[in-house]
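Undergrad: As annotated in Swiss-Prot:
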DOMAIN    61-165  domain 'THUMP'
BINDING   183, 184, 265, 287, 296  ATP binding site
DISULFID  344-456  disulfide bond
DOMAIN    404-482  domain 'Rhodanese'
ACT_SITE  456  active site, cysteine persulfide intermediate
């Protein structure tokens with residue numbers, strides 16, 4: 001099988017040296033992502049496209065899906081590459097490929113041509129289109145808004161029969177811009193802002209301020225791992241978890257109620273800036289949107305920025321909540337966010353929307369900054385690729401099994417799309433489908449007299465969810481790894 005990768009248009013308008021660098025990085029990213037599916041595949045870069053050739057037909061759908069989620073790719077063409085002799089030969093091959101697809105449909109033919117030929121692209125379009133119209137009685141030519149567009153590419157003596165076109169996410173390849181550190185809470189905003197920076201070519205590391213115990217961290221790990229695995233797995237990234245409960249306790253004890261929200265955000269920026277400096281990261285990323293909550297007024301955002309020299313990026317600053325939720329739905333983090341507890345909003349009962357710098361600084365004079373230094377020093381830094389392994393070590397009380405008993409039911413926790421693409425069937429045991437993002441609200445509705453064997457393809461999400469369910473008091477869960 002063969003795929004032609006078309007570059008994001010902004011890459012094609014760069015200078016020659018920058019364009020070549022971007023294409024080289026994108027080629028490497030594609031190799032890093034696809035090697036998990038087929039180690040023998042070939043990735044070949046050209047000036048205006050990248051070719052991916054693979055032998056394992058069983059991985060066709062998985063490879064195609066992975067390509068649509070790699071930043072820097074505008075669209076993917078799934079093609080059949082065949083030799084041709086003349087225009088009539090092109091027509092015959094197009095007829096064999098598209099006859100069934102064009103039955104009873106309107107169509108047009110579009111041709112791109114490279115190399116020296118005795119014919120032009122328009123001549124091929126007319127010849128092939130006329131031939132298809134004559135030989136398929138129920139088909140009809142329509143040049144504007146047809147039901148089917150027959151895409152053909154002619155390159156020297158080769159004909160590319162385009163079997164399908166699939167849109168990518170666009171943007172710049174990860175690694176073409178510098179690293180950033182996303183302050184992730186697991187909610188709608190931070191997930192979307194992290195995705196937007198990945199799409200713009202940044203390697204995104206994650207910094208999580210834990211205010212709600214182990215269950216909260218497990219939930220946020222799931223979001224971060226999902227984002228990385230889906231859009232950024234071409235690169236190694238860090239997940240830094242900071243236990244911020246001592247800081248919150250100090251704020252509650254020492255800071256005036258109305259100033260707590262701004263002071264907390266200033267402490268978070270101070271801590272994140274220390275982490276960024278430690279790892280050579282150039283900017284912080286937050287999901288703040290102007291006026292969304294009390295701490296996100298211009299006055300308060302300016303005061304928050306003042307505590308650090310580190311650049312703070314706010315890609316959602318002008319977005320409304322509905323737009324953010326729609327984006328979360330598109331990238332697959334909406335259901336995570338809906339079940340994620342929110343802790344920051346309850347810290348202050350009467351928050352100020354226009355904090356005064358002198359008053360904030362006076363309140364902070366009462367704060368013991370050694371507490372902040374200590375929690376940053378004790379921060380837990382995990383390689384995102386090791387989250388699966390670390391989770392496996394943490395889930396010591398959850399048994400992993402490869403077989404099943406009479407009372408066992410396999411619970412397929414993959415997303416609905418994954419289940420539809422590759423349904424799980426295991427002989428001798430019932431399989432129930434419940435996507436991972438619904439477990440927190442729907443698992444209790446299942447028959448609790450059964451033992452539920454959680455399963456996902458790679459075993460990462462099943463272990464995380466098993467730990468979460470154990471934290472919630474469910475003892476009838478195991479991890480199924482055949």
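Placed from the backbone N, Cα and C atoms, the Cβ positions cover glycine too.
These figures come from a predicted structure and were not determined experimentally.
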Undergrad: List the binding-site residues among 183, 184, 265, 296 whose C-alpha is within 10 Å of the C-alpha of residue 456 (disulfide bond), in sequence order, or say none.
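TA: The binding-site residues close to residue 456 (disulfide bond) (Cα within 10 Å) - there are none.
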Undergrad: Please determine which of the binding-site residues listed here (183, 184) has the lowest count of neighbouring CB atoms within 10 Å.
TA: 183
Undergrad: Of the residues in the domain 'THUMP' (61-165), how many are helix, strand and coil by DSSP?
TA: 38 helix, 38 strand, 29 coil
Undergrad: Please spell out the DSSP helix, strand and coil residue counts for the domain 'Rhodanese' (404-482).
TA: 28 helix, 17 strand, 34 coil
Undergrad: If you average per-residue pLDDT over the domain 'THUMP' (61-165), what number do you get?
TA: 93
Undergrad: With ATP as the bound species and 183, 184, 265, 287, 296 as its recorded binding residues, calculate the greatest Cα-Cα distance and give it in Å as a whole number.
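TA: Output for ATP binders 183, 184, 265, 287, 296: max Cα distance 16 Å.
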Undergrad: Give the number of CB atoms, excluding that of residue 287 (ATP binding site) itself, located within 10 Å of its CB.
TA: 25
Undergrad: Specify the secondary structure state of residue 265 (ATP binding site) as given by DSSP, simplified to three classes.
TA: helix
